[in-house]
Amino acid sequence: MRYKIVIEYDGSDFIGWQKQNHNSNSIQEILEKAIFKFSKQHVIVYGAGRTDAGVHALGQVAHFDLTTDFETYIVRNAINYHLISHAIAVVHVEKTDTDFHARFSAKRRYYLYKIVNRYSPLTIDRNRAWLVHTPLNVENMIKAVCYIKGNHNFSSFRAKCCQSKSPIKTVDNLSITYNHPYIDINISAISFLHHQVRIIVGTLVECGKGYFPPEHIKTIMEANNRSYAGTTAPSYGLYFVKVDYS
(Lines of atoms letter the chains of each structure in order from A and count residues from 1; the text may use other names and numbers.)
(Lines give C-alpha, C1' and ligand atoms only; values in the text may rest on other atoms or scores of the structure.)
Protein backbone atom coordinates (compact mmCIF):
# COMPACT_ATOMS: atom_id res chain seq x y z
CA MET A 1 0.00 0.00 0.00
CA ARG A 2 1.36 3.41 -0.98
CA TYR A 3 0.80 6.33 1.37
CA LYS A 4 1.02 10.00 0.42
CA ILE A 5 1.77 12.33 3.32
CA VAL A 6 1.91 16.10 3.73
CA ILE A 7 4.56 17.28 6.16
CA GLU A 8 5.27 20.49 8.02
CA TYR A 9 8.63 21.22 9.63
CA ASP A 10 10.86 23.86 11.12
CA GLY A 11 14.12 23.28 9.28
CA SER A 12 16.32 25.12 11.78
CA ASP A 13 17.82 22.06 13.46
CA PHE A 14 18.11 19.72 10.48
CA ILE A 15 20.75 19.14 7.80
CA GLY A 16 18.00 19.23 5.20
CA TRP A 17 15.63 16.70 3.67
CA GLN A 18 18.02 14.17 2.19
CA LYS A 19 19.81 11.43 4.09
CA GLN A 20 23.58 11.70 4.31
CA ASN A 21 25.93 8.88 5.24
CA HIS A 22 27.80 10.83 7.90
CA ASN A 23 24.81 12.46 9.59
CA SER A 24 21.46 11.05 10.73
CA ASN A 25 19.78 14.41 11.38
CA SER A 26 17.92 14.62 8.08
CA ILE A 27 14.16 14.94 7.85
CA GLN A 28 13.99 11.94 5.50
CA GLU A 29 15.83 9.63 7.91
CA ILE A 30 13.91 10.82 10.97
CA LEU A 31 10.62 10.09 9.17
CA GLU A 32 11.82 6.65 8.08
CA LYS A 33 12.76 5.78 11.66
CA ALA A 34 9.39 7.00 12.95
CA ILE A 35 7.56 4.85 10.39
CA PHE A 36 9.65 1.81 11.34
CA LYS A 37 8.87 2.25 15.03
CA PHE A 38 5.14 1.81 14.49
CA SER A 39 5.07 -0.49 11.44
CA LYS A 40 8.25 -2.56 12.00
CA GLN A 41 8.91 -2.13 8.28
CA HIS A 42 11.96 -0.51 6.72
CA VAL A 43 10.83 2.06 4.15
CA ILE A 44 12.27 4.75 1.92
CA VAL A 45 10.42 8.06 2.13
CA TYR A 46 10.52 9.96 -1.17
CA GLY A 47 10.00 13.72 -0.96
CA ALA A 48 8.70 16.19 -3.53
CA GLY A 49 11.51 18.62 -2.74
CA ARG A 50 14.97 18.06 -1.29
CA THR A 51 15.09 21.13 0.92
CA ASP A 52 18.45 22.37 2.19
CA ALA A 53 19.53 22.75 5.81
CA GLY A 54 17.50 25.46 7.53
CA VAL A 55 14.69 25.54 4.95
CA HIS A 56 11.19 25.15 6.39
CA ALA A 57 8.11 23.41 4.98
CA LEU A 58 4.41 24.11 5.26
CA GLY A 59 3.37 21.46 2.75
CA GLN A 60 6.19 19.13 1.79
CA VAL A 61 4.75 16.01 0.14
CA ALA A 62 6.24 12.53 0.39
CA HIS A 63 5.31 8.91 -0.19
CA PHE A 64 6.30 5.49 1.09
CA ASP A 65 5.09 1.89 0.78
CA LEU A 66 3.93 -0.50 3.51
CA THR A 67 2.78 -4.10 3.19
CA THR A 68 0.03 -3.41 5.74
CA ASP A 69 -3.18 -1.57 4.90
CA PHE A 70 -3.57 0.85 7.82
CA GLU A 71 -6.31 3.43 8.24
CA THR A 72 -4.86 6.82 7.29
CA TYR A 73 -5.54 8.41 10.69
CA ILE A 74 -3.58 5.59 12.33
CA VAL A 75 -0.60 6.27 10.07
CA ARG A 76 -0.75 10.01 10.79
CA ASN A 77 -1.09 9.63 14.55
CA ALA A 78 1.50 6.88 14.84
CA ILE A 79 4.15 8.77 12.90
CA ASN A 80 3.49 11.96 14.86
CA TYR A 81 3.75 10.04 18.15
CA HIS A 82 7.28 9.03 17.24
CA LEU A 83 8.14 12.55 16.02
CA ILE A 84 7.20 14.21 19.29
CA SER A 85 10.80 15.25 20.04
CA HIS A 86 11.31 16.75 16.57
CA ALA A 87 9.92 19.89 14.90
CA ILE A 88 8.25 17.74 12.24
CA ALA A 89 4.56 16.92 11.87
CA VAL A 90 2.52 14.87 9.43
CA VAL A 91 -0.60 16.96 8.77
CA HIS A 92 -2.32 14.75 6.18
CA VAL A 93 -2.21 11.14 5.00
CA GLU A 94 -3.98 9.48 2.10
CA LYS A 95 -3.69 6.20 0.21
CA THR A 96 -2.65 6.54 -3.40
CA ASP A 97 -1.96 4.53 -6.53
CA THR A 98 1.41 2.84 -6.86
CA ASP A 99 2.21 4.93 -9.94
CA PHE A 100 2.14 8.10 -7.82
CA HIS A 101 5.58 9.52 -7.02
CA ALA A 102 5.94 12.50 -4.71
CA ARG A 103 8.82 13.92 -6.74
CA PHE A 104 8.25 12.83 -10.33
CA SER A 105 4.45 13.24 -10.40
CA ALA A 106 4.64 16.87 -9.28
CA LYS A 107 3.24 19.45 -11.71
CA ARG A 108 4.15 22.59 -9.78
CA ARG A 109 6.07 23.48 -6.63
CA TYR A 110 5.40 26.62 -4.60
CA TYR A 111 7.90 28.43 -2.38
CA LEU A 112 7.67 31.48 -0.15
CA TYR A 113 10.59 33.63 0.96
CA LYS A 114 10.13 35.91 3.98
CA ILE A 115 12.10 39.13 4.48
CA VAL A 116 11.84 41.58 7.36
CA ASN A 117 13.19 44.99 6.33
CA ARG A 118 14.06 46.87 9.51
CA TYR A 119 17.06 47.73 11.66
CA SER A 120 15.89 46.16 14.93
CA PRO A 121 16.78 42.50 15.52
CA LEU A 122 14.21 39.75 15.10
CA THR A 123 12.57 37.91 17.97
CA ILE A 124 9.49 35.96 16.86
CA ASP A 125 10.80 35.67 13.28
CA ARG A 126 14.34 34.74 14.27
CA ASN A 127 15.55 31.89 12.03
CA ARG A 128 12.26 32.17 10.14
CA ALA A 129 12.90 35.26 8.01
CA TRP A 130 15.85 37.17 6.52
CA LEU A 131 16.49 40.40 8.40
CA VAL A 132 17.68 43.07 5.94
CA HIS A 133 18.75 46.30 7.66
CA THR A 134 19.17 48.47 4.56
CA PRO A 135 15.90 50.13 3.46
CA LEU A 136 14.74 48.39 0.28
CA ASN A 137 13.10 49.96 -2.75
CA VAL A 138 10.36 47.36 -3.06
CA GLU A 139 8.92 49.09 -6.13
CA ASN A 140 12.15 48.41 -8.02
CA MET A 141 12.16 44.81 -6.81
CA ILE A 142 8.65 44.38 -8.19
CA LYS A 143 9.71 45.92 -11.53
CA ALA A 144 12.58 43.43 -11.75
CA VAL A 145 10.24 40.45 -11.49
CA CYS A 146 9.18 40.60 -15.15
CA TYR A 147 12.75 39.78 -16.28
CA ILE A 148 12.75 36.55 -14.23
CA LYS A 149 9.31 35.12 -14.93
CA GLY A 150 8.95 32.76 -17.86
CA ASN A 151 11.17 30.21 -19.59
CA HIS A 152 14.88 31.08 -19.41
CA ASN A 153 18.38 29.76 -19.10
CA PHE A 154 18.94 30.22 -15.34
CA SER A 155 22.68 29.47 -15.33
CA SER A 156 23.28 32.76 -13.50
CA PHE A 157 20.89 31.60 -10.79
CA ARG A 158 22.18 28.11 -10.03
CA ALA A 159 24.66 26.92 -7.43
CA LYS A 160 28.06 25.82 -8.69
CA CYS A 161 27.36 22.34 -7.28
CA CYS A 162 24.00 22.06 -9.09
CA GLN A 163 23.72 18.65 -10.77
CA SER A 164 20.73 19.42 -12.99
CA LYS A 165 21.35 18.39 -16.60
CA SER A 166 19.76 21.55 -18.01
CA PRO A 167 19.69 25.14 -16.70
CA ILE A 168 16.44 25.81 -18.59
CA LYS A 169 13.52 26.33 -16.22
CA THR A 170 10.12 27.99 -16.39
CA VAL A 171 9.13 30.27 -13.52
CA ASP A 172 5.33 30.23 -13.71
CA ASN A 173 4.75 32.88 -11.08
CA LEU A 174 6.89 35.33 -9.16
CA SER A 175 5.23 37.97 -7.02
CA ILE A 176 6.17 40.30 -4.18
CA THR A 177 3.84 41.57 -1.46
CA TYR A 178 4.86 44.32 0.94
CA ASN A 179 3.39 45.20 4.31
CA HIS A 180 6.11 47.17 6.07
CA PRO A 181 8.42 45.80 7.34
CA TYR A 182 7.42 42.43 5.89
CA ILE A 183 8.25 41.43 2.31
CA ASP A 184 6.94 38.11 1.00
CA ILE A 185 8.26 36.68 -2.25
CA ASN A 186 6.17 33.88 -3.75
CA ILE A 187 7.51 31.76 -6.60
CA SER A 188 6.33 28.64 -8.39
CA ALA A 189 7.63 26.31 -11.10
CA ILE A 190 7.55 22.66 -12.06
CA SER A 191 11.04 22.36 -10.61
CA PHE A 192 14.00 24.52 -9.62
CA LEU A 193 17.77 24.44 -9.90
CA HIS A 194 19.83 24.06 -6.74
CA HIS A 195 19.66 27.36 -4.80
CA GLN A 196 17.72 28.99 -7.67
CA VAL A 197 15.03 30.51 -5.45
CA ARG A 198 17.54 31.82 -2.90
CA ILE A 199 19.78 33.35 -5.60
CA ILE A 200 16.75 35.03 -7.20
CA VAL A 201 15.79 36.47 -3.81
CA GLY A 202 19.34 37.63 -3.10
CA THR A 203 19.50 39.33 -6.49
CA LEU A 204 16.14 41.05 -5.99
CA VAL A 205 17.33 42.34 -2.61
CA GLU A 206 20.46 43.80 -4.21
CA CYS A 207 18.22 45.51 -6.75
CA GLY A 208 16.14 46.84 -3.85
CA LYS A 209 19.30 48.18 -2.21
CA GLY A 210 20.03 50.19 -5.36
CA TYR A 211 23.04 48.20 -6.54
CA PHE A 212 21.56 48.13 -10.05
CA PRO A 213 18.30 49.11 -11.82
CA PRO A 214 15.54 46.55 -12.41
CA GLU A 215 16.35 46.16 -16.11
CA HIS A 216 19.87 44.97 -15.22
CA ILE A 217 18.30 41.61 -14.34
CA LYS A 218 18.11 40.98 -18.09
CA THR A 219 21.89 41.42 -18.36
CA ILE A 220 22.41 39.03 -15.44
CA MET A 221 20.15 36.47 -17.07
CA GLU A 222 21.88 36.72 -20.46
CA ALA A 223 25.36 36.36 -18.91
CA ASN A 224 24.70 32.71 -17.97
CA ASN A 225 27.29 33.16 -15.24
CA ARG A 226 26.71 32.73 -11.50
CA SER A 227 29.11 35.56 -10.63
CA TYR A 228 26.79 38.11 -12.27
CA ALA A 229 23.86 37.44 -9.93
CA GLY A 230 23.44 38.48 -6.32
CA THR A 231 24.22 36.72 -3.09
CA THR A 232 22.45 33.51 -2.11
CA ALA A 233 19.76 34.46 0.40
CA PRO A 234 19.90 32.61 3.75
CA SER A 235 18.10 29.28 3.90
CA TYR A 236 16.06 30.12 7.00
CA GLY A 237 13.81 32.59 5.16
CA LEU A 238 12.62 29.96 2.67
CA TYR A 239 9.44 27.89 2.98
CA PHE A 240 8.31 24.98 0.81
CA VAL A 241 4.60 25.83 0.69
CA LYS A 242 2.84 23.15 -1.36
CA VAL A 243 2.88 20.89 -4.41
CA ASP A 244 0.33 20.54 -7.20
CA TYR A 245 -0.23 17.16 -8.85
CA SER A 246 -2.92 18.10 -11.36
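Numbers here mean position along the shown chain, with the first residue as 1.
Heads up, the Cβ atoms here are built off N, Cα and C, so glycines get one too.
Under the heading active site, nucleophile, Swiss-Prot lists D52, citing sequence analysis as support. Summarising the annotation, Swiss-Prot assigns substrate binding site to Y111.
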Packing count at the residue listed as 'active site, nucleophile' (other Cβ atoms within 10 Å of its Cβ): 18
Spatial separation of the residue listed as 'active site, nucleophile' from Y111 (substrate binding site) - C-alpha basis, Å: 13
